[in-house]
Amino acid sequence: MNENREQVLKNVKRVLIKIGSAVLTGDNGLDLERIQHLVDQMAALTHRGYQVVMVTSGAIASGKHRLGITTALKSIPQKQAAAAIGQGRLMRIYSNSFGKHGLYVGQILLTMSDLTDRRRFLNIRNTLSTLMEWGIIAIINENDTVAIDEIKFGDNDNLAAMIANIIEAHLVINLTSTPGLYDRNPASSRNARLIPLVREITEDIEAAASEEGTSVGTGGMKSKVMAAKKVTAFGIPYIIAPGKQKDVLLDIFDGNELGTLFLPMREHLSSRKYWIAFTLRSRGVLSIDAGARTAILEEGKSLLPSGIVGVEGDFIVGDPVTCVDRDGVPLAKGLVNYSAPDIRKIMGLKTSRIEQVLGHKDYDEIIHRDNLAVIRRSRRHREAG
């Protein structure tokens, strides 16, 4: 067994498995034989003592097949109607398939707004925790029938990354239609080589990911690598693996080197800071100077008004805001203690002048370090890791 894989697998108790539409479907709609084979493997893992949580695509594809639609659906109402028809059928298939192994399933449909609200986020965590305690296979999907752009996850790769944080998974496996991440697009280059191990998601790794989505899903390799970036930032290893390969899940847990393994960051975010960084949508931007950049990235300090050189947006107190350097590179995201109009008045000033300018001083910091999540490590930290 590869040393990195052995180290990863020996600590795994709870695994999140994401299955894409391209894996679940064939030429004639849902591939029932493949679904049963995947379920057989997940059931085997469950009986071995692993806690298995699923994020599944396939509702729209299932609905299209039920209706005999072979062309792409273009309008949102059409996609939502197809999802309404297909989701029930998809769950029935999963329920029957897991039932053959004496296992029950529980359905959870989510939109982004369910996770950005901290109370609902924690309620979802409690529900999933209870399902796992009861030995129920939680099956999660985006609620396509009601989701609009403002509350969509974008794709289920992103949804899976967020669920990994909620359940505090020990491993995420993303089953896709390709063998893993290549150093270049294999569809256009004969010299493309599979990358078996990624220690850090660099710009070169991001560039290697294809921008193209699949014919039946919304997420391409770029989406999967971005999800890997989020998951590994929380300290969770991430594997992109060929979902159509026989016994792929069992082979992974037996230590076989399948797909691409992304190692977790050594210095990772807490659950709450992960929620701030990757679940909340930014309401504005604060541009900061070199001194503030160093204080945040290398010293773990709060953001003070003296380090701010620019403000974008019309946010209010408590909103999530992205901190960028002078070149516009995102560095951190945090919850602000002052509104955008107030920050414009006090940016560049010392803390001692806040009350003089605003007439009040509720906080010394624009963003306290407890509410500030670093999303880009300093070069010193990367080299140390």
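Cβ atoms are placed via backbone N, Cα and C, with glycine included.
Given the structure is predicted, the values throughout are model-derived calculations rather than measurements.
Per Swiss-Prot, the substrate site holds ASP144, ASN156; the candidate it also names there, chosen from SER57, SER62, SER270, is SER57. Nearest to LYS222 (ATP binding site) in space, judged by Cα atoms and limited to the binding-site residues SER57, ASP144, ASN156, is ASN156. Taking only the Cα positions, the spacing between LYS224 (ATP binding site) and ASN156 (substrate binding site) is 9 angstrom.
For the pair formed by MET221 (ATP binding site) and ASN156 (substrate binding site), distance between Cα atoms is given as 12 Å, rounded to the nearest Å. For the binding site of substrate, formed by SER57, ASP144, ASN156 according to the record, the largest Cα to Cα distance is 11 Å, rounded to a whole number.
In the shown protein chains, 26 other C-beta atoms lie within 10 A of the C-beta of ASN156 (substrate binding site). Note: the domain 'PUA' (283-361) comprises 26 helix, 23 strand, 30 coil (DSSP; helix = H, G, I, strand = E, B). Across the binding-site residues listed here (SER57, SER223), the residue whose Cβ sits among the most other Cβ atoms within 10 Å is SER57.
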